[in-house]
Amino acid sequence: IISASYTDSSDDETSPRDKQQKNSKGSSDFCVKNIKQAEFGRREIEIAEQEMPALMALRKRAQGEKPLAGAKIVGCTHITAQTAVLMETLGALGAQCRWAACNIYSTLNEVAAALAESGFPVFAWKGESEDDFWWCIDRCVNVEGWQPNMILDDGGDLTHWIYKKYPNMFKKIKGIVEESVTGVHRLYQLSKAGKLCVPAMNVNDSVTKQKFDNLYCCRESILDGLKRTTDMMFGGKQVVVCGYGEVGKGCCAALKAMGSIVYVTEIDPICALQACMDGFRLVKLNEVIRQVDIVITCTGNKNVVTREHLDRMKNSCIVCNMGHSNTEIDVASLRTPELTWERVRSQVDHVIWPDGKRIVLLAEGRLLNLSCSTVPTFVLSITATTQALALIELYNAPEGRYKQDVYLLPKKMDEYVASLHLPTFDAHLTELTDEQAKYLGLNKNGPFKPNYYRYCSTTSLFILP
């Protein structure tokens with residue numbers, strides 16, 4: 001079996017952990033692939049800033065006040081140009097930050113270098129091993145003379161590590177902001193067990209995350225990830241999408257618009273009925289596994305695609321995951337002596353059976369769009385702004401407002417995030433008259449919808465381009 005470790009082909013094989021590097025100010029409180037790439041990374045960050053209007057607006061407003069002055073934020077997210085804009089915005093708002101990557105493949109090395117050069121303690125590089133991954137998180141947390149008081153997490157690994165290794169730290173931590181389905185699920189489990197010892201903000205289920213990052217973002221990035229890795233044509237291909245939540249809806253919409261024949265698997269009868277009404281065949285995976293050309297998971301669950309499914313797939317079937325965690329496809333079951341692994345290109349493996357049948361596995365079952373392509377910056381601006389406001393809210397909340405539980409961002413903040421992005425489209429909001437506001441029983445300035453309102457209309461997504 002060929003072991004998988006992705007590195008830039010131009011880079012040497014020395015582990016960043018074994019290199020002595022300093023930035024131009026003489027600091028070595030970071031660990032990145034190559035600090036000399038900082039200039040390229042800075043240009044990428046500058047491009048991202050142009051598509052992240054709300055964060056730039058927050059920076060302007062922060063020139064007077066610093067709502068995060070005194071905040072010491074430890075973060076674990078994808079380290080890309082977009083998250084760099086978020087980190088530098090948090091810095092402009094007064095926070096000190098230390099950062100690690102939540103995914104071993106999604107780090108942009110030049111961006112990590114640019115952040116390290118500008119003074120951010122960043123510990124991340126593309127192609128980390130499992131041991132590197134936890135080492136980087138530990139270097140962020142376990143620092144002499146520096147104690148975090150806020151956590152920004154994507155996937156829950158950082159929160160898990162602090163619980164496991166440094167539980168006493170929670171005495172000084174004011175709150176956790178979590179972005180992913182997986183991480184939020186872990187927080188609710190902790191809360192249910194009575195083990196959550198600080199307030200947590202569930203950003204994943206805020207409207208601005210669900211509708212924009214999960215739906216619109218995946219609608220664009222699923223095609224990008226598949227094209228870059230396989231150069232495939234979508235017209236006429238048979239695809240099964242496992243899960244019809246917001247991510248599944250976005251993936252299905254894009255594939256249908258390109259002329260693919262799309263099947264959906266679902267456990268939830270409401271999401272299943274939505275899939276049927278949107279024109280998709282609802283099936284069990286077993287029923288179509290022999291005939292489909294592509295299998296895409298987006299459930300947030302584990303072992304959705306098992307070794308039995310993988311054995312029954314047809315030759316050259318493409319298998320990938322759009323869910324946060326790498327548990328959806330049982331990749332471990334493929335690491336057996338009778339199967340041969342061949343690296344085709346970065347993030348693409350052929351797994352070959354004894355009879356010659358092969359499947360094409362992308363990013364070893366990890367998140368396709370962030371491992372193999374990029375994510376539309378504008379959508380990430382919406383999510384990142386939501387994260388920043390959640391941090392500000394938890395950090396500045398008076399004692400007792402938030403208990404040791406998981407909270408959703410107040411709807412007023414969701415509306416504020418959306419309003420910050422409207423000027424990009426030269427969009428003009430209508431304002432209620434006093435009479436209209438009274439008739440609807442609303443404040444003229446919002447919130448405009450009750451908490452139970454679902455911003456749900458997927459039919460408009462299926463107009464062919």
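Including glycine, each Cβ sits where the backbone N, Cα and C put it.
What TrEMBL says about this protein:
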- 1-28: region 'Disordered' (REGION)
- THR80, ASP154, GLU179, LYS209, ASP213: substrate binding site (BINDING)
- 214-375: domain 'S-adenosyl-L-homocysteine hydrolase NAD binding' (DOMAIN)
- GLY245, GLU246, VAL247, GLY248, LYS249, GLY250, GLU266, ASN369: NAD(+) binding site (BINDING)
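Where TrEMBL records a feature, it is marked here on the structure.
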residue: THR80; record: substrate binding site; Cβ contacts under 8 Å, 6 or more apart: ALA48, SER106, THR107, LEU108, VAL111, LEU370, THR374, VAL375, LEU380
residue: LYS209; record: substrate binding site; Cβ contacts under 8 Å, 6 or more apart: GLU179, VAL203, ILE382, THR383, THR386
residue: GLY245; record: NAD(+) binding site; Cβ contacts under 8 Å, 6 or more apart: ASN214, CYS271, CYS298, THR299, GLY300
residue: GLU246; record: NAD(+) binding site; Cβ contacts under 8 Å, 6 or more apart: GLN210, LYS211, ASN214, LEU215, CYS218
residue: VAL247; record: NAD(+) binding site; Cβ contacts under 8 Å, 6 or more apart: ASN214, LEU215, CYS218, CYS298, MET322, GLY323
residue: GLU266; record: NAD(+) binding site; Cβ contacts under 8 Å, 6 or more apart: GLY243, TYR244, GLY248, ALA272, ALA275, LEU282
residue: ASN369; record: NAD(+) binding site; Cβ contacts under 8 Å, 6 or more apart: CYS217, CYS218, SER221, ILE222, ASP224, GLY225, MET322, VAL375
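Site extent for substrate: the farthest pair of Cα atoms among THR80, ASP154, GLU179, LYS209, ASP213 sits 18 Å apart.
When the record's NAD(+)-binding residues GLY245, GLU246, VAL247, GLY248, LYS249, GLY250, GLU266, ASN369 are compared pairwise by CA position, the greatest distance found is 22 Å. Every protein chain considered, the tally of other Cβ atoms within 10 Å of the Cβ of GLU179 (substrate binding site) stands at 28. Scoring each of the binding-site residues (GLY248, GLY250) by how many neighbouring Cβ atoms lie within 10 Å, the top position goes to GLY248. If you measure from the Cα atom of ASP154 (substrate binding site) to that of LYS249 (NAD(+) binding site), you get 22 Å. Around ASP154 (substrate binding site), taking its Cβ as the centre, 25 other Cβ atoms fall within 10 Å, counting all chains.
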